[in-house]
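Step one of this worksheet: look at the structure below.
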Amino acid sequence: MRSLRLRTVVVATIVVCLSVLLSPTEVDGSCDFPLGACTPFRDCKESCIKFKTRAGQTFFDGKCRPRDRPSVWTACFCCYYDSIGAQ
């Protein structure tokens, strides 16, 4: 019984370690460019991908985050890479 429990712990530890080591490392960049509100009627990611700044900067994703002040809707922030890579 004791060896079965030890074997289970060892196998679980190996599985956890392998999943951490084999998981892809992602660099998301910076998501701090505000672009209005996230609502059920508007997709934040699609809005950010379509939007281009005056400087010509493009975005690859959009994230909804809580606002600084209480609100019904969350805020949409666009994600971008800087010229060096991910910020």
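Even glycines carry a Cβ here, placed using N, Cα and C.
The Cβ of CYS31 (disulfide bond) lies under 8 Å from the Cβ of ASP61, GLY62, LYS63, ARG65, PHE77, CYS78, CYS79, TYR80, each of which sits 6+ residues away along the same chain. For CYS31-CYS79 (among others), the entry in Swiss-Prot reads disulfide bond.
The local packing around CYS64 (disulfide bond), expressed as other Cβ atoms within 10 Å of its Cβ over all shown chains, amounts to 15. Look at CYS64 (disulfide bond): DSSP puts it in a strand. Positions annotated as disulfide bond by Swiss-Prot, on the basis of similarity to another entry: CYS38-CYS64 (among others).
Taking all protein chains in view, 23 other C-beta atoms sit within 10 angstroms of the C-beta of CYS44 (disulfide bond). If you look up Swiss-Prot, you'll see CYS44-CYS76 (among others) marked as disulfide bond.
Look at Swiss-Prot and you will find CYS48-CYS78 (among others) tagged as disulfide bond. Under the DSSP three-state reduction, CYS48 (disulfide bond) is assigned to helix.
Annotation comment: Swiss-Prot describes 1-29 as signal peptide.
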>> Please report the Cα separation of CYS76 (disulfide bond) and CYS38 (disulfide bond) in Å, rounded to an integer.
In response: 5
> Between CYS64 (disulfide bond) and CYS48 (disulfide bond), what C-alpha distance do you get in Å?
Replying inline: 11
>> Using Cβ atoms only, which residues of the same chain lie under 8 Å from CYS48 (disulfide bond) while being at least 6 residues apart in sequence?
In response: PHE33, LEU35, PHE59, PHE60, ASP61, GLY62, CYS76, CYS78, CYS79
> Among all the protein chains here, how many other CB atoms are within 10 A of the CB of CYS38 (disulfide bond)?
Replying inline: 22
